[in-house]
Amino acid sequence: MAARGARLCSLLLLAALAGLGAEAKNSEDVRCKCICPPYKDHSGHIYNKNVSQKDCDCLHVVEPMPVPGPDVEAYCLRCECKYEERSSVTIKVTIIIYLSILGLLLLYMVYLTLVEPILKRRLLGHSQLIQSDEDIGDQQPFANAHDVLARSRSRANVLNKVEYAQQRWKLQVQEQRKSVFDRHVVLS
Amino acid sequence: MVSHGRWGHWQSWGLEALAMDQKGFRRGSFQSATSDEDMLEIAGASMDFSMADDDPPLDREMGGFSSYNGGGMNGTSTMMDFLEEPLPGVGTYEDFNTIDWVREKSRDRDRHREITNRSKESTWALLHSVSDAFSGWLLMLLIGLLAGSLAGLIDISAHWMTDLKEGVCLAGFWFNHEHCCWKSNTTFTDRDKCPEWKSWSQLILGHGEGAFAYILNYLMYVIWALMFSLLAVLLVKGFAPYACGSGIPEIKTILSGFIIRGYLGKWTLVIKTITLVLAVSSGLSLGKEGPLVHVACCCGNILCHLFTKYRKNEAKRREVLSAAAAAGVSVAFGAPIGGVLFSLEEVSYYFPLKTLWRSFFAALVAAFTLRSINPFGNSRLVLFYVEFHMPWHLLELVPFILLGIFGGLWGAFFIRSNIAWCRRRKTTRLGKYPVLEVIVVTAITAILAFPNEYTRMSTSELISELFNDCGILDSSKLCEYVNDFNSTKGDDLPDRAAGPGVYTAMWQLALALIMKVFITIFTFGMKVPSGLFIPSMAVGAIAGRLLGVAVEQLAFYHHDWAIFSGWCSPGADCITPGLYAMVGAAACLGGVTRMTVSLVVIMFELTGGLEYIVPLMAAAMTSKWVADAIGREGIYDAHIRLNGYPFLEAKEEFSHKTRAMDVMRPRKSDPPLTVITQDTMTVEDVETIVTSTTYSGYPVVVSRASQRLVGFVLRRDLIISIENARKKQDGIVSTSIICFTDYCPPLPPSSPSVLKLRSILDLSPFTVTDETPMEIVVDIFRKLGLRQCLVTHNGKLLGIITKKDVLKHIAQMANQDPDSILFN
């Protein structure tokens, strides 16, 4: 239930990101870019100016005009002006989201590999499920169901639920790792 | 067991077909381990049998995390009769097994019929039926939104991180090079340099010139590349091992009916997204299109859990996954129609017409979402969108066909060598060091890539530059032609002699081509997310551009030759090297993946015009023919065969004259067919059979003497029902009789009560006679999506053919190794 709520939250966040991209029109984020190639003995130059789309042409953007009056038209004909928009807010938010998720994952990985074994050693016997990690092996299908059923009745509170979910997830990752990395059964 | 007639000598049959009998490979224990794990989930607390790492469904059937007391189910009085409510767990599948398409489709039809019938009763039921019909479209909308957003995240982050290897932006560390220099005025020739962007040597040393600065830049580049790829492989190994590779072969197999639990789950989605950015940014020779398809399918699978209609039915879910795959390609290339055709041609197995329209909708929504996020700052969806519309001449078809031949040859070469390398990784000690392998390949790639500017830039940028038609305003080395400024007509430059810049670019590009051809072989298939489209397109684009510039210079210097004089007068712009690059890219991509229609449509959606359809088609067809002449399979089919997935190829004809009795199990030397009788076996007998064999299903016959077929029952359903009955029903003990019929035989009152398992029996299993030609049997398996088919003779049950038997038989007929089929 909590996980589904979290999923919905992340969905909304991503939709907000999409909407953000569509709406954010920071005035700094528009420009008219005019590229003018070399002309006679003037070298080529690129001009950027913050103008609206209807003003995006050579005459408004190229300042100061490098060529004298009569040549302006010939010069401007060779220039290419493009109106461009971007959303720096979207970029900033996206990069920050990405880096925070990456950071969280790295922290969790460090926790799982280094911190948790130390904690478990200190609080030995906290959860019986740790022992069942290793020996899934060759058990009878019916007997195993009995075991788990007997064990399941004792679990009630949230902390145990989280613990149980984490144990199950670790088991799955271990199985996946065995298939992919050790036995090379899938995804070789 | 009484044997009679000519079948008397067939005493020892066996259902090896259903067992995992790979030598050197303890599949048996793995299979039971998985079924135990699933049993853990069923009888245990979480009831999470459908997808192992997804949330348990919020149904009233669930007991939550407390004991499965069945109190939420239909009460104790109707426990004896299971006809009303199926047990949770019955009708689901084990990991690495094939689904039963027929059963899933008929279940969906039943559900739909029930909703339609009930809709006449009340307004609430009518609303329910309308919302049920609408749910598919809502799901497509959500998939498009999520896939588009994730693609935007991936694009923006990958762009930024790729530039992070070279420097950092002082005006805001989140800007990449292009966006950093967005506001400043730069010079024409040095348009990449601006004061806000500092390369690492400029930051550390204070200046950017000189040998020491170069070495420092080199070192930082390699260090960043190594760090990114190390992070990527550690995350994949630690959190979601299924996130490595391209994903398309596995998705093809999943869509044909295979189950790989966890492959399209939450953790795989998160890890794949994050590590894809890292892998692309580390400069490795891989692309992000294949993994984007996997990401989109994960989104589709996760969102399916919001709707009961799709969560419970595996066949409907695969329709949604086909549409999600289309959305994935659509955001990768900005080509919605190409995405739908790719899903139809490459990825999907069953593609009903309804899915076509919905896939298009999902692809459009995804493309629109990506466009509104605007990752490239110019409302384009792909970095290498081209906008020129120069005409081409019919005589240019000759070099285009040459490019097609090159594409086909390269495709076949790449597939052979990549499969050989992957097989070596699978079978020798190389596979034991995945992290080390990734680091070594990244180090080699980074060290070789930095000196050559065309390999230093990201592959998408390289393709974009190669596709670009040179105009006056371009100042890249590739466009350094000898210009004659007195006779220019706007942007329409004539064919000119190549300047020194072009010659330098040519040999640099040739070196880049050689490097990319060889390094991609070792990169594709590593334990990081890796795609194949961009490197293939890069190889083709380089080859195409080289050929285009060569033809252009030939036309310029020898414009008086007969072949050129007719259409290419001096001063005209006849040859467009950018077009050659595009055609080369299409040819190489077609040679590797053997795509036909979808490739052409993707390429012409990239170019925005129909002018180039004929060259693209010519090259694509030529490359496919050349590549097919050398090797029959595309890269994805080759990987499917390498992994041994049970994928029944839908495109090939089976043309041998064998019959069903040659393929069926049990064979002459095998133990007899394991059957269950309809009303004479006890619970203990059935339990013995289930635990002593590993078959996935058992035929049910009237009696051992007559061997007349009643139906087929699945192992998983048997286990669940018997377990449940032992716990919930009164009086079920080991000596209770199991009865699969409606009317059970009357028993003396002192005997224990009867266990009725009529509801889990499939009463309409498919049967063929033993004389049926295998062509028809293979066709039946393909068209109906069967998992097994019973073989009868004169109306009596003789044996069974499973999908694995069919695949082994096809492999045998094609002189391949039949033992390479691993899964069932």
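Including glycine, each Cβ sits where the backbone N, Cα and C put it.
The following features are taken from TrEMBL:
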TRANSMEM  B:134-154  transmembrane segment
TRANSMEM  B:211-236  transmembrane segment
TRANSMEM  B:269-286  transmembrane segment
TRANSMEM  B:292-308  transmembrane segment
TRANSMEM  B:320-344  transmembrane segment
TRANSMEM  B:394-413  transmembrane segment
TRANSMEM  B:433-450  transmembrane segment
TRANSMEM  B:505-526  transmembrane segment
TRANSMEM  B:532-551  transmembrane segment
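If one looks beyond the transmembrane segment (B:532-551) by at least 6 residues along the same chain, the residues whose Cβ comes under 8 Å of a Cβ in the stretch are 246, 285-290, 332, 396, 399, 402-403, 406-407, 410-411, 414, 454, 459-460, 462-463, 466-467, 478, 498, 502, 506, 509-510, 512-513, 516-517, 520, 523-524, 575-589, 591-593, 635. Taking every recorded stretch in B:269-286, B:320-344, B:433-450, B:505-526 and counting its Cβ pairs under 8 Å to the transmembrane segment (B:292-308), the highest total belongs to B:320-344.
Stretch with the most C-beta contacts under 8 angstroms to the transmembrane segment (B:320-344), considering only B:134-154, B:211-236, B:269-286, B:433-450, B:505-526: B:134-154. Across B:134-154, B:269-286, B:394-413, B:433-450, stretch B:433-450 shows the highest tally of CB pairs under 8 A with the transmembrane segment (B:211-236).
Contact counts against the transmembrane segment (B:505-526), taken as Cβ pairs under 8 Å, peak for B:269-286 among the stretches B:134-154, B:269-286, B:394-413. Among residues of the same chain six or more beyond the transmembrane segment (B:394-413), those with a C-beta under 8 A of the stretch's C-beta atoms are 517, 536, 539-540, 543-544, 547-548, 551, 563, 567, 575, 580, 583-584, 586-594, 614-615, 618-631, 635.
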